[in-house]
Amino acid sequence: MEITNVTEYEAIAKQKLPKMVYDYYASGAEDQWTLQENRNAFSRILFRPRILIDVSNIDMTTTVLGFKISMPIMIAPTAMQKMAHPEGEYATARAASAAGTIMTLSSWATSSVEEVASTGPGIRFFQLYVHRDRNVVAQLVRRAERAGFKAIALTVDTPRLGRREADIKNRFTLPPFLTLKNFEGLDLGKMDKADDSGLASYVAGQIDRSLSWKDVQWLQTITKLPIFVKGVLTAEDARIAVQAGAAGIIVSNHGARQLDYVPATIIALEEVVKAAQGRIPVFLDGGVRRGTDVFKALALGASGIFIGRPVVFSLAAEGEAGVRKVLQMLRDEFELTMALSGCRSLKEITRNHIVTDWDVPLPHPVPKL
């Protein structure tokens, strides 16, 4: 069967992957309300297309931290990609590079920063979890820097792991033939079996619950790399992130895997964008499956978006070719959405190109009888 959109990869991944692995990638926290809402919220935003504009040339290029990329569609950090496909993060890195976009490597990758760097040129960010042992953190950051990574995406929504009930039922653990490669030399690469989720136990033992804004400042003393704060959902935290010297904000609810009943990221986006006041760029991840979704995020003020699950599902289905195809399909759909909305470049995408169900309706004159 020919694949014609990003969502179709999920069913193929479900067929191919062991239940424990598919459930780990697919599930959200608790009732999974936010998981569904991340998708559903996009359908509450409609287009106001402008017509009769010459759209024979469309430019989707943009810059992130001064790096030019082919489109505002980037790869979010997703853990343990070799559970999806033997080539794992190598395949994802090559696909991102071929598409001319940015890949974010997870701290909990099954390939190390050095291994991913060895796949060839490419603009890559490193997602960081702050371990209790700050020496581990400093080492990781230094290794990412040395391997040519261009930024740190600091995950700030995980002082504890969210309650993912499928992982508890499945007694989720990293398959024995895999390791968390970035921690292998530190004796932190293996995940023990546990009475609930092996990952939850690992996080409880390793990740620092005391993480605070002070640590964002500390991180700036140990690295020259720009720091993105990933996991912001409110105006209050957006303002603090700007004051703390963040280079950017990623509006994220961790793929709806942490606190259930937080808003969809596309709903939270505008509040964060307004609070940032254009001082630093704001990005979005969560629920993006169509080029129309990308356009809606940009119309609400995002500088770009990141995709997570579509990467692991397409990786499971077709390896590197699958990830390339996902990036190409999103690119093609986004270009078409721009053309049909009358936008020739990203700067032409405005708030006036959409209407949301939370917009105040314009007062219509009462017709005379």
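Yeah, the Cβs are placed from backbone N, Cα and C, and that goes for glycine too.
In TrEMBL, annotation is done automatically, which means it is predicted and not curated.
Quantities reported herein were computed from a predicted structural model and do not represent experimental measurements.
Marked as active site, proton acceptor by TrEMBL: His254. Here the Cβ of His254 (active site, proton acceptor) has 24 other Cβ atoms within 10 Å, regardless of which shown protein chain they belong to.
What TrEMBL lists as glyoxylate binding site is Tyr24, Tyr129, Arg164, His254, Arg257. Spatially close to Tyr24 (glyoxylate binding site) yet at least six residues away along the chain are Met80, Met83, Arg164, Ala166, Asp167, Asn170, Phe172, Leu199, judged by Cβ distances under 8 angstroms.
Taken from TrEMBL, the feature FMN binding site applies to 77-79, Ser106, Gln127, Thr155, Lys230, Ser252, 285-289, 308-309. A sphere of 10 angstroms centred on the C-beta of Pro77 (FMN binding site) encloses 26 other C-beta atoms.
TrEMBL lists 1-359 with the feature domain 'FMN hydroxy acid dehydrogenase'.
Largest Cα-to-Cα span within the glyoxylate-binding set Tyr24, Tyr129, Arg164, His254, Arg257: 19 Å.
In this structure, the CA atom of Asp285 (FMN binding site) is 13 Å away from the CA atom of Arg257 (glyoxylate binding site). Recorded residues Pro77 (FMN binding site) and His254 (active site, proton acceptor) have their alpha carbons 10 Å apart, per Cα-Cα distance. Sequence-distant contacts (6 or more apart, same chain, Cβ under 8 Å) of Tyr129 (glyoxylate binding site) comprise Ser107, Trp108, Thr155, Thr158, Ile207.
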